[in-house]
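Only one structure is covered here, and it is reproduced in the block below.
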Amino acid sequence: YLEAHIRSVHEGHPKPFLCRNCDKAFTRYEQLRSHMRNVHPAAVASNEASGELELICEQCNRRYSTKNALGEHLKRHAQQKPHICEHCGVAKVTRTELLTHLRIHNPDWEKFKCKQCPQLFRHKSAISRHVRVVHEGQRRFQCSHCHKRFGTHASQVRHERLHIASF
């Protein structure tokens, strides 16, 4: 009975959440988290402290730090483009990509164009930060726990929360 249940209910379902410690695959993120806590507790503590990525795409082995990021990535493999531009009908995989695309329909976004890439910005401070972090590689902000450096304060704060969560 159990084998029949497994075949009928579980086989054939995608298992995008891979354990990088033993390569076991899971259909849901919560299953992976439970597996990690029960089977690899030392790895969980180490991963959280270091900020390492723990979610792996089973189709291309790219690593992600959040369930949402992996989910958006999986849409690319499935060719899903649910975000449609109301101006020209172009379809995008993520809402962020659609928002970036919408800039071409709004002349205000033309105010500040990066000279090194196609990015457009509405404010001078935003393009300055972009150039400093992306093109010049400046990392002004440092983690007070492990001394890792970040380009923005928001990235530093997000990283430092991992240290606090591991205590």
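Here the Cβ of each residue, glycine as well, is placed from N, Cα and C on the backbone.
TrEMBL labels come from automatic prediction, so no person has curated them.
Per TrEMBL, the features are:
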DOMAIN    17-40  domain 'C2H2-type'
DOMAIN    55-82  domain 'C2H2-type'
DOMAIN    83-110  domain 'C2H2-type'
DOMAIN    112-140  domain 'C2H2-type'
DOMAIN    141-167  domain 'C2H2-type'
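Non-local neighbours of the domain 'C2H2-type' (112-140) in the same chain are 103, 149-152; each lies 6+ residues outside the stretch with a CB under 8 Å from one of its CB atoms.
Under DSSP, residues within the domain 'C2H2-type' (141-167) fall into helix, strand and coil as 13 helix, 4 strand, 10 coil. Here the domain 'C2H2-type' (17-40) is broken down by DSSP into helix, strand and coil counts: 11 helix, 4 strand, 9 coil. In the predicted structure, the domain 'C2H2-type' (17-40) carries a mean pLDDT of 77.
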